Amino acid sequence: MSLSHLYRDGEGRIDDDDDERENFEITDWDLQNEFNPNRQRHWQTKEEATYGVWAERDSDDERPSFGGKRARDYSAPVNFISAGLKKGAAEEAELEDSDDEEKPVKQDDFPKDFGPRKLKTGGNFKPSQKGFAGGTKSFMDFGSWERHTKGIGQKLLQKMGYVPGRGLGKNAQGIINPIEAKQRKGKGAVGAYGSERTTQSMQDFPVVDSEEEAEEEFQKELSQWRKDPSGSKKKPKYSYKTVEELKAKGRISKKLTAPQKELSQVKVIDMTGREQKVYYSYSQISHKHNVPDDGLPLQSQQLPQSGKEAKAPGFALPELEHNLQLLIDLTEQEIIQNDRQLQYERDMVVNLFHELEKMTEVLDHEERVISNLSKVLEMVEECERRMQPDCSNPLTLDECARIFETLQDKYYEEYRMSDRVDLAVAIVYPLMKEYFKEWDPLKDCTYGTEIISKWKSLLENDQLLSHGGQDLSADAFHRLIWEVWMPFVRNIVTQWQPRNCDPMVDFLDSWVHIIPVWILDNILDQLIFPKLQKEVENWNPLTDTVPIHSWIHPWLPLMQARLEPLYSPIRSKLSSALQKWHPSDSSAKLILQPWKDVFTPGSWEAFMVKNIVPKLGMCLGELVINPHQQHMDAFYWVIDWEGMISVSSLVGLLEKHFFPKWLQVLCSWLSNSPNYEEITKWYLGWKSMFSDQVLAHPSVKDKFNEALDIMNRAVSSNVGAYMQPGARENIAYLTHTERRKDFQYEAMQERREAENMAQRGIGVAASSVPMNFKDLIETKAEEHNIVFMPVIGKRHEGKQLYTFGRIVIYIDRGVVFVQGEKTWVPTSLQSLIDMAK
C-alpha cells in the first residue's frame, strides 16, 4: 500500500518539496472522501490547461493572500507530521442519508475558504511581510523624515492655503488625524471579539450596526452553502394566519368575495368553454373548477421544461387543491364577516345606549313639563274660582299681578308658550275695568300708571315688539290698553277744551312711556289734532285776548311736525291783522316773537318781508334828521325789530331810507363853518345807536367811513380860510381812532372764530375718548331736554330697549336702531334728536 498520503497536507496534495509530479493511484484517503461534498477540489488554472505538468507555480509573490492556495514560505521552520495510519474504508461509518432528514451544517463542513483562519504571526511570516500584517505599524512618526529635508511638501501646502493643525480643503473639511487602526485581541476571525470600531470611527460615524440584522444576514449566507440545496427534499413551509391577522385584513380591504344580495339572483351564461353553461349567480362562477379539456392531449396541456427544472409532477390533484383552497377562502371570509357582524353589533349596542340616554333625558323633560303644566293649571283654576261673583275672597288686581309674576318667573316656558291673550282677557280685563271705573284723567293724570307699568312687563309680547307689529290678537297688553284704558281717554277728550291745554298735556306726558306708540299716535292724530284744528279756525287775532301760542306751543314736544298744517292758517290770520298796523304799536312784536323759532326760517323771513319790513321802511322815511333838535322815536321803533328781522333786511332799510338823508345833513353842516367838535359828537352819537352786529356789516361800515372822508376833505379844503383851532387834529384823531376800532373788531372776530373752532375740536375729542355711544346719547338727550330711560324688562335680540322721547330704540355695536312700522331701522344721532323733538 502506498504511503504517499502521509506526506500530503490536509488538502490531499503532495508537498511542493517533492518532484513536480502527481500519483494517479487510488488511496484510502480517496476512498474515504469519495462522497464528501466538502472536500477540497483542485480547479485547473489557465496555465495548467495550457502547459499541463510543465506549468510552473508562481513563487515570486510572497505576500500573504486570502485565497485558498498559498505560496510556500521556505523561511518558516520545518513542521513534521507524526507517522500513523488513517482509518480504512472498512472501518468507515455509514454516511447518513441527507435526503431523509435535514441536519444543521457544522462549521467543519464549510469550505476551507469560509472558515476562520489563523493569522500568520511570529515565525510564519517572512521578514519582508511583518511590516504589513494587520496594519500594526504606528503612524506616530509619520512625516518625521521632513526634519532632515528641505520641507518642500510643507511649503507647497502652506502656499496653497494650508494651515497646520487644520484639515485640507477650501473649508478645512479634511480629516486632521490619520485613520486609526485597531489591533485584534486574538487570532480569531473578524468580529470574533466584538466590535472592532475605533474611537475615531465612533465619533465620525455614530450609527450603531444592528446585531440582529448581521445575524440574520449570516444565517442567510449560511443556508446557501448547504449540501445539494437543489436536489434535497426540503420540508414544506406552512403559512399560518391568525384570527387577528384575518380581522386586520378584513378591516383594511372591505370588499368580500361573498356575493352581494343584489347580485345573488343574476342569471349568467358562460360561453368560455366548449359547452354553454348557465349560472344563476356570480358566486357560482367563482366556484367553477379549472379542469383541463378532455380533447387536448396531455403533452399539449403541460408546458415542457428544460434542463434541471424538468421534473416529474409526482402526486398532483388540482381539483382537491382547488377545493381545499376554496374551503380556506370561505373560512376566511366567514371569519371576516363574523368579525364585522360582531363590530356592527357592538356599535349598535353603543348607539342604543346613547339613544337610551337621550330618551331618558326627553322623558325627564316631559315629566318636568307635565308637572309644571299641572301647577300652572291649578293656579289658573284658582283664579277662575275667585273670579266668581259669589266668591267670599274675590281676586284683586294686585293679587292677580303677583300670580302672573309667579307664572313668568317660575314657569316661564309654559307662560311663554301659553295663550296669554285669552288668559288676560278672561282674568285681567274685568279687574282692570273695575279699577278704572271712577277715573278722571284730567283731574288725576297719574292714576294707574304704576299698575299699568307692571302689567306691561307681564303681558307685552317681546317678539311682537321686536317686529314692530300692531296685531291686537297677538299682544295682550296692547289689547288691554285699547279695550280697557282707551275708552276713558276718548270720553274725556270729547269734553276737553283746547284752550285749556295744560291738563291734557300733563296727562299724556305721564302716560307716553307706558302706552304703546301706535296708541299714542292714534290719540294725537284722531282726538287731539282735530280739536286744535277746529279751534284755530275759530281764532281771531284782533278780538281774542288769549294769545294763540299759549295753547298751541305746549303741544310742540308731543306733536312736533303734526302741527305743521296749523301754521299756514295762523300766518294767514296774522297777515290779515297786520294790514293796518303801525310800528308804533308794540303788541305785534309780542304776538309774533313766540313764533320765530316755530316757523321754518324761510317761512318766517318771507312773513317778515311781506308784513313788517314795508311798515318799518315807511317809518324810516318819515324820520327827520335835525342836528339841533332831533326826534328819535321813529328810529327807535325800527331798531326795536332788529332781533325779529334779519340783519340784511335791516341794513337794506338803513341804506335806502336813513343813510342818504344822514350824509346830506352832514355835508350841509360842514359847508357853513361848523363847530367840528359838535360834528364829532354828532357822528359818534349816531354810531352808538347801532349794535355791533349791524356796524360789522360791510355796507354800514362803508357809510360811516364815507362820513369820515367827507369830514377830512372839509378840513383839508379850508387851508387859507379861518378854521377853528385844533379842528384838523381832532378830525384826524377821530379818523385814526375809528379805523383802529375797525381793525381791532376784525381781529377780535377772527380770534373768536379760531377759539370757537378750537373749542369744538377739543369738545369732540374729549367727548369721543372717555365715553361710549350710550353716554353720548344720554348727553345729547340732556342738552335737548329729551327723556332717555331704559324700558324695564324689555329686550330685542338680547339688547336693552330704551325710550328716547316718544321713540323706542336700542343700541347695537355703536349703532342706534329706531322702531319703525314693520322693522328696526338704523339712524344717525342727529336724525334721532330731530324725531324725538
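Glycine residues also receive a Cβ, built from the backbone N, Cα and C atoms like all the rest.
Which of 510-534, 710-734, 785-809 counts as region 'Required for nuclear speckle localization' depends on Swiss-Prot, and there it is 710-734. Swiss-Prot assigns the feature region 'Disordered' to one of the listed ranges (53-72, 453-472), namely 53-72. In Swiss-Prot, the feature phosphoserine is attached to one residue out of S210, S371, S392, namely S210. On the 0 to 100 pLDDT scale, the model's mean across the region 'Required for interaction with DHX15' (1-50) is 60.
Mapped onto DSSP classes, the domain 'G-patch' (149-195) shows 8 helix, 0 strand, 39 coil.
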